[in-house]
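Participant: The annotation NAD(+) binding site is assigned in TrEMBL to ASP66, HIS67, GLN68, TYR69, ASP70, SER108, THR109, ARG162, GLU193, LYS305. Summarising the annotation, TrEMBL assigns active site, N6-AMP-lysine intermediate to LYS146. Residues or ranges marked as Zn(2+) binding site by TrEMBL: CYS393, CYS396, CYS409, CYS414. Positions annotated as domain 'BRCT' by TrEMBL: 572-652.
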Amino acid sequence: MTTSEQFQFNNEQLAIINLLALDVDLIPIQEAIGRLEFEHLSEPALVAILKITNALYRAGAPLITDHQYDALIFKLKDIDPNHPYLAAVEPEVLAESKTVPLPQKMLSTDKAYTFNEIEKWVDRVLKAAQEVKVDASEIKVRVTPKLDGYAAFDDGTTLYTRGDGVRGQDITRAFTRGLQVVNNGDRGLGPGEIVISKSYFDEVLSQHFENSRNIQAAIIAEKKVDENVQKAIEDGACVFYPFQLIDNWTGDYKTLLADFESIVEQIWNAVDYDIDGVILEVTDEQVKAHMGATRKHHRWQIAFKVNEASADVEVLSVVPQTSRTGRVSPVALLKPTKLSGATISRATVHHYKMVKNNGVGPGAVVRLVRSGLVIPKIELVVKKAEPELPEHCPSCNSVLDWVGDHLMCGNVNCPARRENTLIHFFKTLGNNDGFGPKVIEKLHLYGVDEIHQVYQLTERDFVRFGFGEKTSRNLIDQLRASRELEIEDWRFLAAFGVNRLGAGNCERLLQHHKLLALFDLTVEQIVDLDGFAKLSAEAIVAGLSSIKDAFFEVYNLGFNLSETPQISELEVAQSPISGKIIVFTGTMVQGARADMEKQAKELGAKTAKSVTGKTDYLVAGLKVGESKITAAREKGVQVLSEQEYLDLLSTD
Ligand SMILES: NC(=O)c1ccc[n+]([C@@H]2O[C@H](COP(=O)([O-])OP(=O)(O)OC[C@H]3O[C@@H](n4cnc5c(N)ncnc54)[C@H](O)[C@@H]3O)[C@@H](O)[C@H]2O)c1
Ligand SMILES: [Zn+2]
């Protein structure tokens, strides 16, 4: 995660986001996430950010801290306490959509951040006990570490992911790969968490992985397991930890409240795994049954969490860095400071307007916040200092201009911009690893600063530039391979780094128009497609025209491009609802009804507002009156629940 406003979703992230089928413009969302500025979001944007950050968090690549995520949840609760997103377990979004029902529902936990909230929970427990005539003195509370791993359920033969709490995925392969139950425990102990030894992570895995969430994803990965992770499994450093077996403190509620701090501390340090709180739960079955659950959490269980670590750190200097787009970002170099286990020495400031207005200069003190394993961000400026605002581009010395909150270098030939454009190109192609920043910088010194020029280099050129013979040969091989290996046309186009033409938008455009035809599109034609606002469309047309020459220089070198299937041809032909007439009614849980209607149309169906004899399907969400359903059935219309409808779409 970066706090820079140039933050862009990478291709894997976009692939996950695509699965969410959000009907929102990603650019402002990307910007909000990049700046960590969520104040002025509209409700749909807020929900989209929650869905995106949740999906990426579940996939092992969190973008924001848990604290920030929880703050966004609070915000949504504030604006719309009944929003469906708040009512259900935050789902894992899985690339492969095949799911199976879980043997038992898996819920999330309610959360408390203060002792006071814990006291209130205890009061609710006591009230429930009284209602079922259980003596308060008999109530026991079990306190366990809240493992921060990957939730799973083991029924003895199959291991499931939590999924959406009702349906998960079969990940038994983790056991096939050698995953053990902690302490050689038995299989079939129900819910638990896949976790990684903290000390093993620090000693061995931290060289290969940024955080243990990435590793959890690797353990259950469908394809090949990473070799370092395989070794960690074999070394017993990754295990499945059933909650039944977990170290615990169990006692009466009076002792709990009296010794709360020391009990929490003892349990917090009980295991060598990442934890993000402690879990408190009632053990009495009668009280549990009486308290029951909401759709999201058990009322007899609560998580106690503490806020993140923060530190006030002195700024040594602020250095400007010019990006591909000409935007100059301020990077604060800090007095090295330890913060939840890592030494921090630099942080990106959102933009130069902030440097200017908030006085982020040498000698300023900023508050850094870090929760869990996510890169820290500057939360606020504690002590201001005179800021230093660059007048000239650090790379080409051009005079910088203010554009909105940013200082910009307007020189299209700026070396930093050119270098970063090349780096972006090769990084986005993603099929060669030779052309990183160091190599590009060197090429640039020798005047090679356009993509097609790189492809025209010979082995001898590379040697002349000071690369070793073996390296030179390797670089040539990589260039050849990057043209010969098949690559998606959307990826190829995204590699040119046009403003507003990230991978997601490229793919969307290419689903409707062929690659070369994009250069002739008008703003109106783009606006006609779903998901493009006028402003984006204008930027896209301008951007495409600005790279047209450079694009064809590269394109004409001959790449092995695979065409994005056109939506109209492919999906409609295969769609199970093509030609059907569908009525959607009621509240949908997994997305807005309008989005479902739109999608249905894209898949070749017709949608209608009311049921007639011609209607094929009535898709009924929540809160639909029985009479409406009966009436539809009487007309011979097939009535589907939201889930049944989604299942229908995924059959082929
Ligand atoms: N950073 C992000 O972008 C981001 C995104 C989504 C969610 N989150 C974090 O995840 C939280 C919600 O996620 P959630 O619903 O998966 O988890 P949760 O925090 O609500 O906890 C519920 C889970 O805790 C697990 N658990 C661990 N130890 C346990 C124990 N000893 N006993 C019982 N259960 C135990 C269970 O698997 C259960 O499913 C949010 O509060 C947020 O902090 C962060
Ligand atoms: Zn410049």
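Positions of Cβ are set from backbone N, Cα and C atoms, glycine also.
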Participant: Specify the nearest of the binding-site residues ASP66, GLN68, ASP70, THR109 to CYS393 (Zn(2+) binding site), where nearness means the distance between Cα atoms.
Facilitator: GLN68
Participant: For LYS146 (active site, N6-AMP-lysine intermediate), which residues in the same chain are close in space, meaning a Cβ under 8 Å from its Cβ, but six or more apart along the sequence?
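Facilitator: Result: THR109, ILE275, ASP276, GLY277, VAL278, ILE279, ALA303, LYS305.
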Participant: Between the Cα atoms of CYS414 (Zn(2+) binding site) and GLN68 (NAD(+) binding site), find the distance and write it as a whole number of Å.
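Facilitator: Given the Cα positions, CYS414 (Zn(2+) binding site) is 36 Å from GLN68 (NAD(+) binding site).
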Participant: Distance between GLN68 (NAD(+) binding site) and CYS396 (Zn(2+) binding site) at the Cα atoms, whole Å?
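Facilitator: Per the Cα atoms, GLN68 (NAD(+) binding site) and CYS396 (Zn(2+) binding site) stand 37 Å apart.
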Participant: Determine the Cβ neighbour count for GLU193 (NAD(+) binding site): the number of other Cβ atoms within 10 Å of its Cβ.
Facilitator: 24
Participant: Just to verify a number: CA distance, CYS396 (Zn(2+) binding site) to ASP66 (NAD(+) binding site), in angstrom, no decimals.
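Facilitator: Cα-Cα distance, CYS396 (Zn(2+) binding site) to ASP66 (NAD(+) binding site): 40 Å.
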Participant: Measuring Cα to Cα, tell me the gap between CYS409 (Zn(2+) binding site) and ASP66 (NAD(+) binding site) in whole angstrom.
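Facilitator: Cα to Cα, CYS409 (Zn(2+) binding site) and ASP66 (NAD(+) binding site) are separated by 35 Å.
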Participant: Should we count any of the binding-site residues ASP66, GLU193, CYS396 as near ligand 2, judged by a CB under 6 A from one of its atoms, and which?
Facilitator: CYS396
Participant: Is any of ASP66, GLN68, ASP70, CYS393, CYS414 (binding-site residues) within Cβ reach of ligand 1, i.e. under 6 A, and which?
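Facilitator: ASP66, ASP70, in sequence order.
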Participant: Give the sequence-ordered set of same-chain residues, not counting CYS393, CYS396, CYS409, CYS414, with Cβ within 8 Å of the centre of the Cβ atoms defining the Zn(2+) site.
Facilitator: THR322, GLY326, HIS392, PRO394, SER395, ASN397, SER398, LEU400, GLY410, ASN411, PRO415, ALA416, ARG417
Participant: Given that the record lists ASP66, HIS67, GLN68, TYR69, ASP70, SER108, THR109, ARG162, GLU193, LYS305 as binding NAD(+), what is the largest C-alpha to C-alpha distance among them, in Å?
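Facilitator: Per the listed residues, the maximum Cα distance equals 23 Å.
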Participant: DSSP on GLU193 (NAD(+) binding site), three-state: which is it?
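Facilitator: Note: GLU193 (NAD(+) binding site) is in a strand by DSSP.
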Participant: Which of the three DSSP states, helix, strand or coil, fits ASP70 (NAD(+) binding site)?
Facilitator: helix
